[in-house]
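Below is one structure, written out as structure tokens; the observations come after it.
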């Protein structure tokens, strides 16, 4: 009976194991997870902190006991894989509760260890990062136990923005700092102005080009020379792949510690796959490498690897489009395609339109800004971005499907919109992009 070992029990690992069991009732499947919880919703964590998700239990899909009962898959939490011997096809596992080590053999090995939050490295009792449910519980408990009021949020990526909004909605007083003037880097820089407007509207302090210089208790000294007091600091300064344990194996890592994979999510070593935040692949619509550490990619990779292991060796990954979205107070920011800093590799043109998200005479209308970049050589769409209070999500999802099917910007005129005054226009913003590009 084949033995399948999975490293990591969150989006990629747990999903892959579950899909394998759906296709294969016989194999022995075991998952090692170094942390306390398995199969939790990472994307829910800021909303648990903000008490938008009223009970943390809704963010936890399975316990190991429930997972085994439903799927006959063994999950061992607090068990960290610390080494791989790919020649003998074994992994070395550390039981983090007992500090004991043991070896586990495998026929197939699936690596989905995820990534860890970067830290600024200050020794302080008031600094936190947010990456898992344990972090969420620690933040929530600290807020309650210490009557937290003023919170410093460091960083201006998606997670930091979501955390800041949820702290504010919880009734706390957050302040945002970021080390540069480039916030929310997945979005075009000039389309981020509503983020600052939303902060100003609520009188939430923020400072760009600012960093922490020192922390002494609750006293924070900044690079600008300012000295302020905060009850809590939440750091959102990026992540790094959990690949240290892989370095002693023959598995190839790139210079940043990620694992390059082929279209079957195979590594360079036979019988070893990599999925989720640890893996790098390529874009679907252009010939460029892509690392997209988001939920859709982990789930898609999990399904493909499960099919491969179950015997369907014809299924392959066609690449990422990098579709992403974030809510920040009243606004939605969404984009798809290559990142803004990758556009310079193409000869491109940009076309954009700003108009109401639905018919102007229908109540509740607000501006929606839609922008599309296309390759001048073949007129195929490279990137699209949308910002507004309404309708950004559906326009970007439609454009994602257009890019998936290699439509040209001109063909957007043929998009048949589901039109009624509360929802759109007879000529939708997507149509207008196509007309303006001609």
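Any Cβ shown, glycine's included, is placed from N, Cα and C.
For 8-33, 267-277, 419, the entry in Swiss-Prot reads FAD binding site. Annotation for residue 276 (FAD binding site): spatial neighbours 8, 10, 11, 12, 13, 112, 113, 114, 293, 297, 298, 301, 302, criterion Cβ-Cβ under 8 Å with sequence separation of six or more. Classification of residue 276 (FAD binding site) by DSSP places it within a helix.
Annotated substrate binding site per Swiss-Prot: 15, 19, 22, 39, 42, 71, 299, 427, in sequence order, evidence recorded as sequence analysis. Classification of residue 42 (substrate binding site) by DSSP places it within a helix. The number of other CB atoms found within 10 A of the CB of residue 42 (substrate binding site), across every protein chain shown, is 20.
In this view, residue 43 (active site, nucleophile) is surrounded by 14 other Cβ atoms within 10 Å of its Cβ, with every protein chain counted. The annotation active site, nucleophile is assigned in Swiss-Prot to 43 on the grounds of sequence analysis.
Annotation comment: Swiss-Prot describes 43 as active site, redox-active.
Neighbour count (other Cβ atoms within 10 Å of the Cβ, all protein chains): 25 for residue 161 (NADP(+) binding site). Feature annotation from Swiss-Prot assigns NADP(+) binding site to 151-166; the stated evidence is sequence analysis.
Spatially close to residue 165 (NADP(+) binding site) yet at least six residues away along the chain are 46, 50, 327, 328, 329, judged by Cβ distances under 8 angstroms. Nearest Cα neighbour of residue 39 (substrate binding site) among the listed binding-site residues (153, 155, 161): 161. Neighbour counts were taken at the CB atom with a 10 A radius for the binding-site residues 28, 33; the maximum falls on 33. Long-range C-beta contacts of residue 299 (substrate binding site), restricted to its own chain and to partners at least six residues apart, with a cutoff below 8 Å, comprise 11, 12, 15.
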